[in-house]
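Straight out of Swiss-Prot:
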- Asp92, Asp94, Asp96: Mg(2+) binding site (BINDING)
- Cys93, Cys111, Cys118: Zn(2+) binding site (BINDING)
Amino acid sequence: MSTDLFPQAHSKHDLERGFALAPRFNADGLVVAVAQHADTGEILMLAWMNAEALKLTVETQIAHYFSRSRNELWKKGDTSGQLQDVVELRVDCDQDAVLLKVRPRGDGGACHVGFRSCFYRVLENGVLVEREAPLHDHA
């Protein structure tokens, strides 16, 4: 799927080795987005972006995403104060996923349930175990 905001790659070579940002949005008009802490390398969250979210992220250098559950654009941290300053944006080899290297503001968290990372649980012997304390209570 192509959009008016980004060019379409004209060849496999352009897609994989070209110099234009030409994201391959899925049938729902989305690409997967991984947010990684720019300083520690910790994976903070996985989300989705539509063309508008990607455009705003590129223009403002602040992470914007698309909420599939709310069906709306969302500027990460607008209500929580956990804005994500984008230090670097990468695409994968076929441009259907983006990696945002970010520096979180506020309390440094990214997870809506109060943790620094959305990946706060580890599977140990078939049971999920919380490996970190929440930054704040999510009530």
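Numbering starts at 1 and runs along the chain as it is shown here.
Note: Cβ is positioned from N, Cα and C throughout, glycine not excepted.
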Which one of these binding-site residues, Cys93, Cys111, Cys118, has the sparsest Cβ neighbourhood, judged by other Cβ atoms within 10 angstroms?
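Comparing Cβ neighbours within 10 Å for the binding-site residues Cys93, Cys111, Cys118, Cys93 has the fewest.
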List every residue in the same chain as Asp96 (Mg(2+) binding site), at least 6 positions away in sequence, whose Cβ is under 8 Å from its Cβ.
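Non-local contacts for Asp96 (Mg(2+) binding site): Pro23, Arg24, Phe25, Asn26, Val31, Val32.
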Between Cys118 (Zn(2+) binding site) and Asp92 (Mg(2+) binding site), how far is it from one CA atom to the other, in Å?
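Computed Cα spacing between Cys118 (Zn(2+) binding site) and Asp92 (Mg(2+) binding site) is 21 Å.
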